[in-house]
Amino acid sequence: MPRLPLLLLLLWGTGSHGFPAATSETQEQDVETVKKYLENYYNLNSNGKKVERQRNGGLITEKLKQMQKFFGLRVTGKPDAETLNVMKQPRCGVPDVAPFVLTPGKSCWENTNLTYRIENYTPDLSRADVDQAIEKAFQLWSNVTPLTFTKVSEGQADIMISFVRGDHRDNSPFDGPGGNLAHAFQPGAGIGGDAHFDDDEWWTSNFQDYNLYRVAAHEFGHSLGLAHSTDIGALMYPSYTFSGDVQLSQDDIDGIQAIYGPSQNPTQPVGPQTPEVCDSKLTFDAITTIRGEVMFFKDRFYMRTNPLYPEVELNFISVFWPQLPNGLQAAYEVADRDEVRFFKGNKYWAVKGQDVLRGYPRDIYRSFGFPRTVKSIDAAVSEEDTGKTYFFVANKCWRYDEYKQSMDAGYPKMIAEDFPGIGNKVDAVFQKGGFFYFFHGRRQYKFDPQTKRILTLLKANSWFNCRKN
């Protein structure tokens, strides 16, 4: 999620562990945000009373630490800007630390052939679109388990699905647009397994507002007995993000199969895994600078570093650019145009800030003059001082003049001619401080383009402030 500016005036005083008196309308709103969030999702019980400065301070601090640990934030017990940012994101209404229990018994269905019924429909989508979204969401889970799901049109089903607003008499009222999007109950009789969607939201079948398929797939995980996951790449992560291709992560698959076992398919599906930024084996698909920051890309994720923040930000590419595909293969910044270009296959996209420019994607043949034998770009970097962009394809490099908008004569060359010592394959590259940083596998080479010498050999994730690397 794009970072907010640093909150210079924290809600916590230096020596205080409770809420201070709010000194502005914004602070008062933030105090209320923290209070409601901890009550709803971390079992903070204020009994409807105003949270006092000292009496409940220790409990509030502990609940905040619990929340920060769950989301992988700095564990301070203080509502800093990063913590408030997470609290303000739209999310599932099921608590993170306490089970959403209304029915006694085990958190699983004894019967593997389940029924569902859509009691009513949102006006935001056609009935056919709603039916398709719900069916696809159940199919994600049936693909990896012995479970089957059959739609019924009347009577009581195992999983009842409804679109409701506000207080809908289940002790878990919705809160209007944004915030709490939906919730579902663990398996069981009565309301057990049922899923409720807030009809004050705008439900869609694309990346805008809230994608029904994405939210339904998450809620049905609860209907089947899963709790929230701390893995940001998991479908069962509590905060909402539309990642383009909705899929179960390996964490989701492991969780649901621990309850019901694997599917009966001869070939078991394998889900994507979330990168561990301090994994010494970490490799990258693409890297680029963007407005002074460095962004690393892996599968459907980006990792973002900023000299003002010690932590690495990890999230879906779609958080910044929902129109870009996953699995980007190359990227580079044209700083004087405030533009970044992303490549996948023979297509590329130009972005400015968080906006994909109109008319993209385009193909690399007409725009850059590559021959049709080039099917994709491995890596790219633009040299700020000269306006020359280097493209790396297999063991060759091409040089493109950004001012003339044409390839330079004499190219392609073997990589070793212009960049001796870095090997015959480049996975990713970027320029910073006048140096090129080349990546291949787990290795990183700091290269001086003036002397054409390697200065330092590093591990690929050396930019991430890992204690052990």
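Even glycines carry a Cβ here, placed using N, Cα and C.
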Message: If you look at how Swiss-Prot annotates this chain, which of 18-25, 90-97, 450-457 comes out as motif 'Cysteine switch'?
response: 90-97
- prompt: Do you know which of His196, His228 Swiss-Prot groups with Cys92, His218, His222 in the Zn(2+) 2 site?
  reply: His228
Query: Cys466 has a disulfide partner in Swiss-Prot; which of Cys108, Cys278 is it?
result: Cys278
Swiss-Prot annotation, N-linked glycosylation site - which of Asn113, Asn120: Asn120
Statement: Note: Swiss-Prot has Asp285, Gln329, Asp427 binding Ca(2+) 4, and from Asp209, Asp231, Asp378, Asp385 that site also includes Asp378
Query: Do you know which of Asp158, Asp167, Asp245, Asp251 Swiss-Prot groups with Gly190, Gly192, Asp194 in the Ca(2+) 2 site?
result: Asp158
Query: Say you check the Cα of Thr274 (phosphothreonine) against those of the binding-site residues His168, Asp170, His183, His196; which is nearest?
result: His183
Message: Can you tell me whether DSSP puts Asp170 (Zn(2+) 1 binding site) in helix, strand or coil?
response: coil
Rounded distance in angstrom between the Cα atoms of His183 (Zn(2+) 1 binding site) and Tyr360 (phosphotyrosine): 37
Field: Surrounding CB atoms that lie within 10 Å of the CB of His183 (Zn(2+) 1 binding site), all protein chains
entry: 20
Message: For the repeat 'Hemopexin 4' (423-466), give me same-chain residues lying six or more residues beyond its boundaries with a C-beta closer than 8 angstroms to one of its C-beta atoms, as numbers and ranges.
response: 277-289, 294, 296-297, 303, 305, 310-312, 330, 332-333, 378-384, 390, 392, 394-395, 414-416
Statement: Helix, strand and coil residue totals from DSSP for the repeat 'Hemopexin 3' (374-422) stand at 4 helix, 21 strand, 24 coil
